[in-house]
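The block underneath contains the structure these notes are about, expressed in structure tokens.
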Amino acid sequence: MILVDRVQMQAIDRYAIEVLKVPALSLVERASMAVLKHINLNKFGYFGVVVGVGNNGADGLALARNLLARYKDVEIFIIGDVEKASPEFKLNLESCEMLCEEIYYVESIEDLENMEKRLSNVNLIVDAIFGTGLNRPVTGIYATVISIINNVMKYKISIDIPSGLDASTGQDLGEVVDADLIVTMQLMKTGLYEREAYKRKCVIEDIGIPQKAIDSVIYGLVN
Ligand SMILES: NC(=O)C1=CN([C@@H]2O[C@H](COP(=O)(O)OP(=O)(O)OC[C@H]3O[C@@H](n4cnc5c(N)ncnc54)[C@H](OP(=O)(O)O)[C@@H]3O)[C@@H](O)[C@H]2O)[C@H](O)CC1
Ligand SMILES: [K+]
């Protein structure tokens, strides 16, 4: 099994997008569908989707959109400055705004209290706060959000990496989402593999990143 750290995964993503011209939006869409296939839609019908403003969040919004497309009940919680968000995030947010009335920006204590109340009523929480972009300890409102997610005791799916976990070292960078299932994109991450507790909850899903991108970064094969 190929293992990559977060720097290698980011380099592979970049190579796929910038050199091999794979549209980032298609990777995000494939990621969202890769998570959707692991949700029993006969069992789960009311979702809390908690997103950061990077591409992990874009994956989460694309998943929210695909759930809304099936008339599932979805509440979306956004943490961070949307101005900083990627084009893929903004495109998916635009569509979610057309399909969903329950989009909440989490900034204040009241927003956190509202999120906690609403998450206590859903039956599945999607963790799309941080993925391979987590690069420093989780503090402030992000730490509070993750502890709320863990405290409401719902079935939790983490997209790519449980938010709060260092994808390279497996170190907890503060609060870590206690995911029931982790759907990691394309390749197993060293930080997941080295922690048995995470490894056994992990599935790896192909999202269409060309093997050439992987080979170019892992083996330095550039032709
Ligand atoms: N890159 C691709 O083509 C694909 C990526 N996929 C998904 O995207 C994530 C990686 O996305 P990225 O935008 O690089 O980063 P994250 O979404 O993981 O993180 C968002 C930003 O959060 C900031 N950050 C980092 N640590 C902290 C922290 N402790 N507190 C607050 N904010 C933090 C950081 O930005 P800064 O500018 O603040 O440094 C991050 O950029 C990957 O995991 C996949 O889920 C697609 O799946 C496939 C295509
Ligand atoms: K995540």
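Including glycine, each Cβ sits where the backbone N, Cα and C put it.
TrEMBL annotates Asn55, Asn56, Gly57, Ala58, Asp59, Gly131, Thr132, Gly133, Leu134, Asn135, Arg136, Pro137, Tyr142 as (6S)-NADPHX-binding residues; of Asp73, Asp160, the candidate listed for that same site is Asp160. TrEMBL annotates Asn56, Asp127 as K(+)-binding residues; of Ser86, Ser95, Ser163, the candidate listed for that same site is Ser163. The Cβ centroid of Asn56, Asp127, Ser163 marks the K(+) site; residues of that chain outside this set whose Cβ lies within 8 Å of it are Val50, Val51, Gly52, Gly57, Gly60, Ala128, Ile129, Phe130, Gly131, Ser158, Ile159, Asp160, Ile161, Pro162, Val177, given in sequence order. When the Cα of Asp127 (K(+) binding site) is compared against those of the binding-site residues Asn55, Gly57, Leu134, Arg136, Tyr142, the shortest separation belongs to Gly57. The 6 Å Cβ screen around ligand 2 retains Asn56, Asp127, Ser163 from the binding-site residues Asn56, Asp127, Tyr142, Ser163, ordered by sequence position.
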